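Q: Structure in structure tokens, see below.
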Amino acid sequence: MVDLESEVPPLPPRYRFRDLLLGDQGWQNDDRVQVEFYMNENTFKERLKLFFIKNQRSSLRIRLFNFSLKLLSCLLYIIRVLLDDPTQGHGCKELNRGCSSQNSTPAKIDWSPIIWVNRSLPLWGLQVSVALISLFETMLLGYLSYKGNIWEQILRIPFLLEIINAVPFIITIFWPALRNLFIPVFLNCWLAKHALENMINDLHRAIQRTQSAMFNQVLILISTLLCLIFTCICGIQHLERAGNKLTLFDSLYFCIVTFSTVGFGDVTPKIWPSKLLVVIMICVALVVLPIQFEQLAYLWMERQKSGGNYSRHRAQTEKHVVLCVSSLKIDLLMDFLNEFYAHPRLQDYYVVILCPTEMDAQVRRVLQIPMWSQRVIYLQGSALKDQDLLRAKMDDAEACFILSSRCEVDRTAADHQAILRAWAVKDFAPKCPLYVQILKPENKFHIKFADHVVCEEEFKYAMLALNCICPATSTLITLLVHTSRGQEGQQSPEQWQKMYGRCSGNEVYHINLEDSSFFAEYEGKSFTYASFHAHKKFGVCLIGVRREDNKSILLNPGPRYIMSSTDICFYINITKEENSAFKKQEQHRKNNESKSCYHGASRLPVHSIIASMGTVAIDLQDAGCRSSSGPTLTLPSEGSKEGRRPSIAPVLEVADASLQTCDLLSDQSEDETTPSDDDISTGLEYAKGYPPYSPYIGSSPTFCHLLHEKVPFCCLRLDKGCQHNYYEDAKAYGFKNKLIIVAAETAGNGLYNFIVPLRAYYRPKKELNPIVLLLDNPLDDLLRCGVTFTANMVVVDKESTMSAEEDYMADAKTIVNVQTLFRLFSSLSIITELTHPANMRFMQFRAKDCYSLALSKLEKKEREKGSNLAFMFRLPFAAGRVFSISMLDTLLYQSFVKDYMISITRLLLGLDTTPGSGFLCSMKITEDDLWIRTYARLYQKLCSSTGDIPIGIYRTESQKLTTSESRETASQSQISISVEEWEDTKDTKEQISYRSNHRNSTSSDQSDHPLLRRKSMQWARRLSRKVPKHSGKTAEKISQQRMSLYKRSERQELAELVKNRMKHLGLSTAGYDEMNDHQNTLSYILINPSPDTRLELNDVVYLIRPDPLAYVPNTASSRKNSFCHTVGQDTREETQL
């Protein structure tokens, strides 16, 4: 490359700073010429135009100087009026030609006081100077702005006013006799108003900021009104020099009284010129002022629509957050406000809503409520415009919430809009924390820089998957992320509603161990020891910790984790420790004797219900290991301890070394090395590892069960055979476990988060359920995919119906389809996801169900009380059969106060896997486990044996029907049987003998002869056709049978329809159970119940189980060592995506 310095000579010293310092002797011989470039034409006129007009700063100075001159001229006029005495000669004596005095009469006006005034020489000199400068500036600006039309410049009103006010003063220089001539200098106020408007415009151009149009219009209105009043005052005062000789104050009084339409009449104009001026000024005011007020009102209405600005002073003195949305719906707004202001320390925050659409009527009515009008500010604008972000004072905001519009037809386009908003906010205010919600998981990596991100499809599919393993996981997570005080349902007469409502107030809180009264005494103890004793003593459930030097949260790190003073503890409780009051043990015991602190099944005090530790411990190796999804708590062998009740081993302060051999991976490792007969027969060989391919960027790697060989794509079609197999329905595959059917519109990337939890490594291979994806759900496809022997059917809300014209109709198609499935397959366990929580009341809808109507009234009462969980008592939601993903919006809002909530929720749902962190699972209480009796003893049993931490109970109870309902059900069943027997005349002898027991009009002899009975029936039918009238009893009986047949025919018709379709498709009808209905049971969740809560049969206990991979012994086989080494190396940087 050629050296440029050697080719190009250096610049002379006057142009190079280096040469100025070092010197350069070669510049004298330099023959180069300096060339200067100009952006405008380098003429004298262009330079003047650049200085006076084009340059904002210099033009602003000129406008300000001109405005000052006009104000000075008005001030000089007022001084002249105050110094003038109308009783003197009005300047006539100073004329060289003299003037004869005129005797004024009432009929004739003396014009001399109007034409001539007394003006002192110094005052005249100042006014002439101001006039010369003003006229010169006006002529110069007219010359610079000349564009070829001279009349356009001359006929402008400001130019004419300048000529009227300045030219007479210049004439008096050359004609001294006219020095006392009256000149209407007060008209300079209109020129001052014009200069003020130009000055404001130049000011905005100079500082590159747009002031509010409302401010400009108010300024113009005020200046117009002042100019009108000042002109009227000066004009009336001068004209009345020939009349009443009013002073300036009298003239001011007259103008104010006149313009305010009061009109006292004590001061009135006397001569006709002043009267004419008053008329002219009133007409001008009636024309000009309404126009100004109309423009001001229009701007006010537009400002009300756009929302105005958020004050910079308020932004610097008060705290505020910004909510950016595409369209603001009333449900989204109320969910945000109720959850955001539920925290006491956020009561003084302002919420600024930035939305591009106009505020609708519902939102406007809500924001006019005093509770919200003082704290919520609505701004119409776009987050992609810096001006709108400046209006919202985004750079001073404490946080910015960006929400995607889930009601859009194209959800990917909605994500793109949210991503652009996040980029714009990050570019404008880099230090503002971002809380972003998106819909599609494949768009997460675009906003990885955000502080907190919630992906709707990730959470939705993970909750649907865990609902199939742990019932009602969606309800559990929803109750945990909603702010409540546990007051819902406390006025209800039913006990389950009181317990359910009380436990729904539990939330996740955090505190430092050394600052905690709950956990400080457990420093140096194991995690399970601290969790058990904290629950025993205070009723709180310790679920996780975080080291001071580590950002990762560990859920139930296990008994080998030793608590440190710097640890941050995460626990579940009704309220946080800072808001709790602690009583002494004696007082607490006295209070418990009269009234229990909890409303559990037992009223015994907490400390007395805890079982005795005992002196004999159970062998940990015998009681510790069990499968992850179906654990059982076996009754300990008594042996020599006959006559004593079963005891539970104490929870050790530090884990015993013998516990190392009792890891949950041992069963699975043995299962992995020795495949079962079922695996060999089906040809399925599983291996544990990470999925080889990630469906989208940002998905967390999860260790799970994988097939050794990839299945061909053609074999994935369940309803069509291929060259590898000839099966065309699920029954032909011969699956050992029940199916899980997912009915979705499309197979999106979010399904990855549904499949992975169901194939997690900690689930035994024998309990893996086959997953069937149903993209369309006609009846034939449902029957082929094995709906009759399905464990759970998951129905995902259709994206194509989310943009209905009426918002709440977005779930219409999903609700009707699920209702059809419920009617066709009443025993099918259906889990549904909806868009709007209000539509959950239509799931499994029964119009005449009295219990549902009672729950509807309870929901209305809770909503009137201001509850955020008014829908919680709906049976489908309480049982975990339905949930709305919009209920998880509160998870993003809570993250502003609890920045750990998203991480904990992702760990519970299995979306993130942190080494050493536990996972959510469940166990069912069987008859063999009822010896434990209470929740506290169960807590101790789990902590002492396997290290599991229970966090709640899923309970199912029988629903009590009213007497009228039970009688109606019984009568329908009995009558339906008799009608079926009456109509069926072509059965076998066994069926005939069975029907004889229900027939009232047939004798015992006829029941022994089928032929006689058949003939008698035919004769009775012919007789009924000929003789329509029957006896009273027979007619009543037939009418009852017809009514019962009418009521029963719908279910029978549906059953026959399903069976006929199954026969037509060549499927067996053996698995179709049409009468097994769950309508007589109700299920609900008890989060962190009281220690004295009694365990009941079939209770499902939610557990957080320690990570099995964290306790693989070092002396294991080489396969285990390599496995652990791989897991240890795969510690990627944790992200909150």
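Cβ coordinates come from backbone N, Cα and C, glycine included.
Automatic, uncurated: that is what TrEMBL annotation is.
Below are the features I grabbed from TrEMBL:
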- 64-83: transmembrane segment (TRANSMEM)
- 124-145: transmembrane segment (TRANSMEM)
- 157-175: transmembrane segment (TRANSMEM)
- 218-239: transmembrane segment (TRANSMEM)
- 276-301: transmembrane segment (TRANSMEM)
- 318-454: domain 'RCK N-terminal' (DOMAIN)
- 960-1044: region 'Disordered' (REGION)
- 960-977: compositional bias 'Polar residues' (COMPBIAS)
- 993-1005: compositional bias 'Polar residues' (COMPBIAS)
- 1012-1032: compositional bias 'Basic residues' (COMPBIAS)
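Can you tell me where each of these features sits in the structure?
A: Outside the transmembrane segment (157-175), and at least 6 residues removed from its termini, the chain residues within Cβ reach (under 8 Å) are 73, 124, 127-128, 131-132, 134-135, 138, 142, 181, 183-185, 187-188, 190-191, 194.
Here the transmembrane segment (276-301) has long-range neighbours at 213-214, 217-218, 220-221, 224-225, 228, 231-232, 235-236, 239, 258-259, 269, meaning same-chain residues at least 6 beyond its ends whose C-beta is under 8 angstroms from one of its own.
Secondary structure counts, DSSP: the domain 'RCK N-terminal' (318-454) has 59 helix, 28 strand, 50 coil.
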Q: Pop the mean pLDDT for the domain 'RCK N-terminal' (318-454) in here, whole number is fine.
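A: Average per-residue pLDDT within the domain 'RCK N-terminal' (318-454): 90.
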Q: So which residues does the transmembrane segment (218-239) touch in its own chain, when a touch means Cβ under 8 Å and the partner is 6 or more beyond its ends?
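A: Apart from its flanks, the transmembrane segment (218-239) reaches 74, 77, 81, 114, 182, 184, 186-187, 189-190, 193, 196-197, 200, 246-248, 250-252, 254-256, 259, 269, 271, 273-274, 277-278, 281, 284-285, 288-289, 292-293, 296.
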